[in-house]
Amino acid sequence: MLQPTQTSWVILAGGQASRMGGKDKGLIELNQKPLIEHVIERLSPQTPSILINANRNQDAYRAFGFVFSDQFKDFPGPMGGIHAGLVHAETDWVGFVPCDSPQINTDLVERFCNAVKEDTDILVAHDGDHQQPVFTLYHKRVLPKLTAFLERGDRKIILLYKECNTSYVDFSDSPNCFVNLNTPEELAQFGQLES
């Protein structure tokens, strides 16, 4: 069985945050702490290796850990961060979570590790209704396929899943894990609920 210590986890903070008015979501405060700090607090007891993918405000993010940017400069969305994470992480298995989901399960890493089989390439969280493609675990052997995928301009993650041995991890008992805060209104509402 894959152990959590054999994985690295990347917090994806490289997006443009257009729905948040262009403000860097990971650095926006929720209850007096940046969103990324909430994610780190949930993730750090689960894994010794946390990295941050950010394409701006890198000095601010360095306060929280090792930071790297996308290698594809045309912002191919989370796929650019996943690609860069596979390049920079030192482990064969690399997990990914978004910077704007402050309620990540405290057993998220363990669930992913328990679901790995010998031939698994990609694991994706599933909430019972939908796949959650930014809550995912990749084996580094996917990197050549992902590089080719991005170089030809593909952006639909489902196409990559079809090229790889992809399985899903059941989180239907934990829908709050996937609450992400995309707008100032969602942030304000969540802050009131969580205060």
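Backbone N, Cα and C atoms are what each Cβ position is placed from, and that goes for glycine too.
Since the structure is predicted, the reported quantities are computational estimates derived from the model, not experimental observations.
DSSP classifies Lys25 (GTP binding site) as helix under the three-state reduction. The GTP binding site annotation in Swiss-Prot covers Leu12, Ala13, Gly14, Lys25, Asn53, Asp70, Asp100 and rests on sequence analysis.
Look at Swiss-Prot and you will find Asp100 tagged as Mg(2+) binding site, backed by sequence analysis. The DSSP secondary structure for Asp100 (GTP binding site) is coil.
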Taking the Cβ of each of the binding-site residues and counting other Cβ atoms inside 10 Å, which one has the highest number: Asp70, Asp100? Asp100
